[in-house]
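The structure appears right after this line, and notes come after that.
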């Protein structure tokens, strides 16, 4: 059964990072290799923070809330598979809810591992090949319907990544190259896109011009323009540095939280496998292995067996 989808929002918003897209960002490249994906496994749309995200098809909520590097996300189950809506500011549905196509499921944001505010949308078809290079995710584009209010975006695609990166994904984040029910973390967070910076420049220009005129004894338009540009760039750099700092702090905290969650889980279950941790944290096999290996190296877990048969105990 093939899905027939509407866009996961109302109105027109551009694609900021398409399905299968790759990035020149070295951190994201490294994460893609770690997750075993060949390119972006969803579509990022340039929704501003607080914009309503809606269900692309009728389905049942199987996940709602914090989801690792995905940040706050919602996952819906459909007859044809699953859809995920990530990096939300907040959700408007709960696990177990039945939602109709077009119903609001949350507000877009920049939680988890994300490059600025946007909506990450991904789909996973039933019986999908998990080794397709995208962890079983498919390009949603061919399945969008022709509803007038949800015509596919005609604006040029801007292939600059808005996420995660890992996070996760990241996505944180993730967000884990994220999967709806089991996924690696998305690209790690970094500075906001140049586009976002440019949007913020306009409201500040008049203010900066006033500052420059006060500083320049003889008001020469060329000199004013030059100094305005310098001050804008200086402010953007300050904002980007602050975002990097916050992103690193958030990444460190998420790692600490995940390690503690694994320890509690192992104490409860006594013996666990890599697959158990993947299901618990919604991360990739390699990410789960890295967490378990770190806990073994710290002497907090014991490793039994090798490779596929490896088990871990407290």
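Yeah, the Cβs are placed from backbone N, Cα and C, and that goes for glycine too.
Over in TrEMBL, the protein carries these features:
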COILED    221-269  coiled coil
COMPBIAS  165-183  compositional bias 'Low complexity'
DOMAIN    231-314  domain 'CARD'
REGION    137-203  region 'Disordered'
Helix, strand and coil counts within the domain 'CARD' (231-314) (DSSP)
63 helix, 9 strand, 12 coil
Taken over the domain 'CARD' (231-314), the model's mean pLDDT:
86
